[in-house]
Amino acid sequence: MIGKEVTLQDFTLELSELQPEVQPVDLFCEEELPAEHQETEEEPAIDRTPYKVVAPCGCCEVKLRIFVKATDFGIRTLQNLLIEELQLLCPECRGNCKHGGS
């Protein structure tokens, strides 16, 4: 390189040195793609069982019935909520309560 500015004549590319390392890649390889129906994994159907839940009203203690379809985990979670955190209200007691706890 002579001078302060670089010119293309100052660079010499030796592509023959890279030839052994660089190999062409066949883009049409022997890999087979699965069919579309095999490509999408179907989620297993969730097994839900119908249940009748009987719980007392949180105010007047009258028996209330609700019917749900739930998984084993879901029905156990509902049971824990009804025992510890949640109280159902009958229609009569609902009218006497203020919504939102205020």
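A Cβ is built for glycine as well, from the same backbone N, Cα and C atoms used for every other residue.
Checked against Swiss-Prot, the range among 27-31, 52-56 recorded as motif 'LXCXE motif' is 27-31. Your range for motif 'Nuclear export signal', going by Swiss-Prot and the list 66-74, 75-83, is 75-83. Looking only at the region 'E7 terminal domain' (1-49), the predicted model's pLDDT averages out at 68.
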